Amino acid sequence: LVQSFPAGKFGFTNVATEGDFLAPDAGQRPAGPTPSQSRFQVDLVAEAAGATEDKSPNSDASSTVPSSDKATPATPQDADPGTGGEEAKGRFRVVNFADPSGSGSAASPEAAPAEGLQNGDTVMSETSLHSSTGGQHHYHYDTHTNTYYLRTFGHNTIDAVPNIDFYRQTAAPLGEKLIRPTLSELHDELDKEPFEDGFANGDELTPAEEAAAKEAAESKGVVKFGWIKGVLVRCMLNIWGVMLFIRMSWIVGQAGIVLSCVIVAMATVVTTITGLSTSAIATNGFVRGGGAYYLISRSLGPEFGGSIGLIFAFANAVAVAMYVVGFAETVVELLAVNAIMTDQINDIRIVGTITVIVLLGISVAGMEWEAKAQIFLLVVLITAIVNFFIGTFIPSKSKESVGFFGYDGAIMWENMGPDFRGESFFSVFAIFFPAATGILAGANISGDLADPQLAIPRGTLLAILITGIVYLGVAISTGSCIVRDATGNVNDTLSAQFMNCTDAACKFGYDFSACKSEKGSCKYGLHNDFQVMSLVSGFGPIISAGIFSATLSSALASLVSAPKVFQALCKDNIYPGLGMFAKGYGKNNEPLRGYILTFGIALAFILIAELNTIAPIISNFFLASYALINFSVFHASLANSPGWRPSFIYYNMWVSLAGAILCCVVMFVINWWAALLTNVIVLGLYIYVSYKKPDVNWGSSTQALTYHQALTHTLHLSGVEDHIKNFRPQCLVMTGYPNSRPALLDLVHSFTKNVGLMICGHVRAGYRRPNFKDLATDQSRYQRWLLKNETKAFYTPVFSEDMRQGTQYLLQAAGLGRLKPNTLVLGFKNDWRDGDMMNVETYISMIHDAFDFQFGAVILRLKEGLDVSHIQGQDELLSSQEKSSGMKDVIVSIDTSKDSDADSSKPSSKATSLQNSPAIQKDDDDDGKATTQPLLKKDKRSPTVPLNVSDQRLLEASQQFQRKQGKGTVDVWWLFDDGGLTLLIPYLLTNKKRWKDCKIRVFIGGKINRIDHDRRAMATLLSKFRIDFSDITVLGDINTKPKKDMVAFEEMIEPYRLKEDDMEQEAAERLKNSEPWRITDNELELYRAKTNRQIRLNELLKEHSSTANLIVMSLPLARKGAVSSALYMAWLEALSKDLPPILLVRGNHQSVLTFYS
C-alpha cells in the first residue's frame, strides 16, 4: 500500500525521472527539498508517526537523522502501485506493509503501523535484496533467521537480534562469516549499495587472525585437553622438580625448619600472585596458543610481548637442557658403582643426548602421546612422594647411624633454627626458587586446551596449592626425624664417661660430635647427604624413579612449551625472518620446525654440562616473564579500559604490582649479574621491536593507558588559566588535503612541531551531497599519511555549504579544551583576479571571522603559488596508499544523480550549470585553502605529460621548507605591535634544526630624527625578551610617497570599482548589494594614504629583504564593513608581490611574550 503525503505540506515537486537525474549539466538542480525544509521534514514525518501511535522515542530518533540524509518519505509523488512501482524500484524500496487498522496510515517506514515496528525496519523485496548486495557478495542472510525474527517481532525485518557469531573473528564452521546488517543497509535510501568495502563491521582480519580462522575451520579431530590433564598435571609435574628429592633436605639442614617454611612460603607467594594474574588475563577474552607470550603481548602490546616471547621460548629450551642434565647426573651416579663409560662429564653428555632424543620423539609423536607420558610420570612421582612419607614413620635400627631416628621432638627442636654453613638465607632461597617456577606449563599450551578460560585459573592455582603443601610437608618431616650430621659409623655410640653431650642424637645414644670438630669428615645427615630422602623412604629405588620422573616430566613440558610459544611469536611476525617457524603440521598444527630448533638449543646446552652457570639465568628469564604478567594486570586495571573485564575476579591491581616488584627483587636476590643481563636483553629486544613498529593492533593496555592519560591531562589542563609564559601558537592551517599544499604544511610544522598544536583544516564545500562515510575514511587515511610523513598534526575535514561557513565551523569546534587553535593560517589567494569575485569576498570574510573569534591570522605567500594538487605524480602518496582518490572524485563530480547536494547552498552567483566546469573547479582549488577535488586534473591528463615550466617551479618552491635552510636571514618587519606573535614565530622557527643557521633581522618604522633612539629602545626590548637578533633597521622613510606612480595599482583595481558617481544612486545601491566586494570611490579616497603605504612598503621590502629566506611581516588590518574585500585583497597583493616567501602575521593583540619570570 503506497500512499503519498500532500505535496504542499512537504514542499516537494515532482520527482524527476532517472534520465533527468543522470544528466550532469541539466540546467536545474535535481529536485529535492531545500536545506531548511529537509531539516523540518524529518520532524514532520516523525510527528506523523507519533500521530498514528503514541511513540515518543521514535520522533526523537528520527529527528537526529543528519539533515542532508534521505529524510524524504520513500514514495514517489505520482506513483500508484501499479504504474509507478516499476519505475520506482530502481531507486526506492517498495514497501508493502499489511495495514492492520485499514486506515492507510502506513505511508513510509517512519510512519509505522501500530504494531510497534521500529524505525528503519523495512523488508527487502527480492529485487532490492538482489541489487543491494550487488548480487554476488559473500554476505548472506540466512532465511531461517529471517523467519525467526518474524516470529520474534511479529513482522519481517532484516535487523538482527544479538548473536555470538557477529562477534567472532574467525569464520563460522560453514566457512561463511555471519555479519550483522550494516547501519547503511538499515538506514540509507534504497539506491545506495550497502557493503561498499571490507567487512560490514569494519573488522578486517589480520593475516594472523585469518590463519586462526582457517585453523578453526580445519579443527575437526583435534585433541583438546580438560583442566586436569591439560593444566593441573602439567603444572604439578613442572613445579616438582629434582629439588624436591635431592635439595629439599639440604635446605632444611641449612636454614632450619622455620626458615625453610618461610622460603617455601615466599616462593609460593610470588607464584600465587603470578597465578592470579595469569588467571585474570587468561579469562579476559579468548586465549589462543602461545601461553605467556600470548597473554603478555595481547595485554601490554607487541614490544613487551615480543621481547618476553623470545626470552621465554629460549628459557624453556634451555630449561630442557637443565632438567635433562639433572636426570643424566642421577643416572650416572647410579651407574658409577660399576659402569663408567669414559669419565663423569662425558657420561652425562652421552646420557643427556640419548634422553633428549627420546623426549623429542615423544613430543613430535603428538600432544596426545605427550599427555599420556605426563600422566604416567605423575603417577610415578606421587608414588615416590607417598613412599617417602610412609618411610618417615618406619624407623629402623640400621638407619640410626646415618642420622634417621624417626619423629622426635628433640630433633625437631634442634632443627628449628638455621645453621648456615657457607650459605646465607638468600643464597639458599635462590637455590630453592627454581623449584617453584613452572606454573605457566599449563598456560603455555593454551592453544591445546578445550576451555582455556576455565582450565588455566583452576589448574594453575590448584597446582600451586598442592605443590606448596607438599614442599612444606617435606620440609617439616625431614626436619623432625633426621639430624643435621651423622657419621654413618655404627660404633659411634655414647660412652659412659662423656656425659656433656647436648645433641639430639645423644638421646638415642649416638655421639656425632666428631663431625663438628673435623669439617667434612661426615658423609651423612641433612647437611651432607643429598640422597637422604631415598635413605629414609620405605623403598629406596622408588625415590630414584621419582627423581627420573620429576626431571623427565619437567623436561618434556618445557620441550613442548618452547616451540608452542615460539610458533605463536613467529605467527605474529614480530621479528622478520623468523616466519618459517610459524608453520604448523598435522591436524593439531604441531610446530615441528620449532621442535627441531628447541632440540638444537637444548642439545647445545647439554653438551656444556655446567648446570650451575645455566640455572640462575633460566630462573631470571622465567622471573622476568612472571614480573611482566603481573605488571600487565596492574597496567590493564590502571588503564581502566572497558575491554578489561576478566571473568576471574579474585585479583587486585595493587597485589599484582607488588607481585611484579617481588619478582624483580627475587631476580636480583638470586643472582645480580644474571638479573642485570636479563634486563639488558629484555630492554634491547623491547627497543628493537619499538623501532621496527610491527604492523599489529591488539588493543593493548598500553594504548588504553595512553588514551586514559591523554584524557586526564587534557581535563587537568582545562582547569588552569593560560599564562603568557606558556603561550604556544596553536594553528588551524587551511591546507585542504594535507598533501596538496606542502609548503604551507612544512613551514607551519617547522614552528609548531613539539611546541604547539597543528590542525590541518579542510572544508569540503560544493554541490555534492556529503558522503560522510568518505569523510571518515579520508580522515583516517590522511591522518595516517601525516604520521607516515612524521608531521605532528591532526587532519580535520568538515562538510559545509561554502568555504566561509566551513571555516567558521572549524574556528568554533576544532580542538579540545586547552588544545584549541588560536591562530588561523591561510595560503595567499594568488589567483584572486581570475575567478568569481564572490570567492574573494569569502576569503576576506574568513580573515575577519578569525579576528571576530579572537584568533591571530597568518597568511603565507609564495610567488609561485602553494597548491600542487593538480600536478601529475607530485606525490606517490595516494597511488601507493589505496587507489587514488582522485579517480573516484572525477566520477562523482559528473554523476550528479547520486550526489545531488540536498543541503548545499542555494545557487550563488555561480551559474549552476557550470557546476562541474574545470574553470570553477580551478578557482575553488587555488583558493589558498581547502580544495574540493584534490586530484581532479591529475586524472584528466595522460600520465606521461612532462611538467611545464611553471609547474616545475611550483614543485621546487613547494619543497623549499623541507630542506635545511643555509646561512641566511629571517627578516621580521615588526611594524605594528600585535602582542608579539610577529616576533615569536620567527624565534620558534630559528630554534629548529633546519632554520638554526638563519639570523633574525628586525625592521621597524621610526622618525627620521630619532632613529638611534628607536633602535636602542627596540634592542632593549628584544634583549629583555631574550631573543637573539643580528641587527635592527629603523626605517624613517615609510611615509614618503611611493617612487613608482600609482598607475599599476589603479589598473589592478579598475574592474572591481563600483563607480557610483557615473550612475543613479538606486542602481548603485542595487549593484553594491548584489556584489558587495565592489570598491566605492568614496572609500578609495578615504584610504588613499593606506594604499600608498602598502605600495611603499613593497618597495622597501624589495630594497632590504629581496634575499631573505623568509620575510615575516605585520598583516595590515582593514575595518570590517568599511573596506571592501576587493580593496583589501588589492592591498595584500600590492604589499606582497614579487618577494621571497612572505608570512603576513597579525596576533590577536594579547601579549604572547613577557619578560617577567
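The backbone N, Cα and C atoms fix where each Cβ goes, glycine too.
Residues or ranges marked as region 'Disordered' in TrEMBL: 20-138, 896-949. Marked as compositional bias 'Polar residues' by TrEMBL: 58-70, 119-135. Annotation comment: TrEMBL describes 100-116 as compositional bias 'Low complexity'. The feature domain 'Amino acid permease N-terminal' is assigned by TrEMBL to 142-195. Feature annotation from TrEMBL assigns domain 'Amino acid permease/ SLC12A' to 230-732. Annotation comment: TrEMBL describes 231-251, 257-287, 308-328, 348-368, 375-394, 424-443, 455-476, 542-562, 592-611, 617-636, 648-668, 674-691 as transmembrane segment. TrEMBL lists 741-1157 with the feature domain 'SLC12A transporter C-terminal'.
Per-residue pLDDT, averaged along the domain 'SLC12A transporter C-terminal' (741-1157), amounts to 78 for this model. Contact between the transmembrane segment (674-691) and the transmembrane segment (348-368) is absent: fewer than three CB pairs lie under 8 Å, with pairs separated by 6 or more positions in sequence. Among the listed stretches 231-251, 308-328, 617-636, the one sharing the most Cβ pairs under 8 Å with the transmembrane segment (648-668) is 617-636. For the transmembrane segment (617-636), the residues of the chain that approach it from at least six positions outside its boundaries are 270-271, 273-274, 277-278, 280-281, 284, 292, 295-296, 299-300, 304, 308, 311-312, 314-315, 318-319, 322, 430, 433-434, 437, 440, 644, 651, 653-654, 656-657, 659-660, 663-664, 666-667, 670-671, 674-675, 677-679, 682, 701-702, 704-705, judged by C-beta separation under 8 angstroms.
Between the transmembrane segment (455-476) and the transmembrane segment (231-251), three or more CB pairs separated by 6 or more residues in sequence fall under 8 Å, so the two stretches touch. With respect to Cβ pairs under 8 Å, the transmembrane segment (424-443) is most closely packed against 231-251, considering the stretches 231-251, 308-328, 375-394, 542-562, 592-611.
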